[in-house]
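A.B. asks: I'd like to ask you about the structure that follows.
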Amino acid sequence: MGIIGSLLSGIVSLAIFCASATVVLAIVVPFIGIVVRFRVNYNPRALSLGPGGDAIGIPDGGEDGRVVGPRVTSLLGMFLRVRRIEGWRGLYKGYMPLLLYTMGNTLFSLVWIGSSPHSPKGGYSIPRSSMFQSLVYALFMSFIALPFGILTNRAITTPHKLPMFAPRVSLKLLLTAYERRRPWILYFTPGLLIAQALHVVFVTVIFRIVRVLLVPALAYGLDGAEEDGTLNKISTVKLSFFILFQALAGTAILCPLEVVSERLSIQRNYTPGAEFEEEDAELAAAQAGETGVEYIGQGEDVLNLRSASGEEPYKGLRHTLNRIMEEEGVTTLFRAWWLTMLGAVLSGLA
């Protein structure tokens, strides 16, 4: 009875966890989808004719804010646009890959590591350990999360109705034939892995070093300080400087990395030298509706994606940063900056 009782208890706990994860994601996924769409929406500056007849970009879109593609200036604006064009179903695109990853990774973390999960959308929850152990753990979890992040972002930004329980059909829409034949090529998406690795390094090493130097009592976060009885020894002035550093550095460094990562994650990989039509007939057929997959939008797309504009693909982290600033302006790198700032401050105290 002891073994049977333990087995039943485990099954019940697993069922409760799955149910809770489903409910939590039902609340979180729409918000994640809005942020991703807001950041990847491609708005190059409108062009004007210069004195010599050459096309030149209008700085910041000109006085009238002219840009190419739907101009959405806030998360609320993006929410309303998605709701109008795609309906409530559109807000839940990306739900399945996030659910599968969250369930699998959480079980792995709880059983083998005893820690909270890492989200493929950029959050880190690391066991109490040394800085090196934290870095290795975060890099490993980020490495595992990368393909799920790619699938999630592409599912969110596709204009198609993805079947929830037909993964093979969905994968034909989300991945090129080259990526399906060689799934490891996702890790070689130009600039994506290094952008995520830099994000991890700043969160787990640079910010932690500053925290130890300014507020040693918070070396293991507020919980650690409370356990060690050092919470009342924290200097208010130093804590204020640390929070200010987290806010400014988090916004200036992490936000551009997050925007770049999301832009790169939706950029597809093709066989070198192959044209789209030759490389991916199945994807073209699916996009044309020949596989029964319909468009979710009502006569227009929510987003203007760079891949649909005929521009050359991003070639790496530096190239992506430069192209975004040249084509859309530096402010594009700071879309939804306040979310990154809030996350940086809270993670600094965790």
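Including glycine, each Cβ sits where the backbone N, Cα and C put it.
Whatever TrEMBL says is automated annotation, not expert-curated.
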A.B. asks: Check each of the ranges 80-97, 98-115 against TrEMBL and return the one annotated as transmembrane segment.
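C.D. replies: Going through 80-97, 98-115 one by one, TrEMBL flags 98-115 as transmembrane segment.
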A.B. asks: To the transmembrane segment (239-260), which of 12-36, 135-156, 184-210 is linked by the most Cβ pairs under 8 Å?
C.D. replies: 184-210
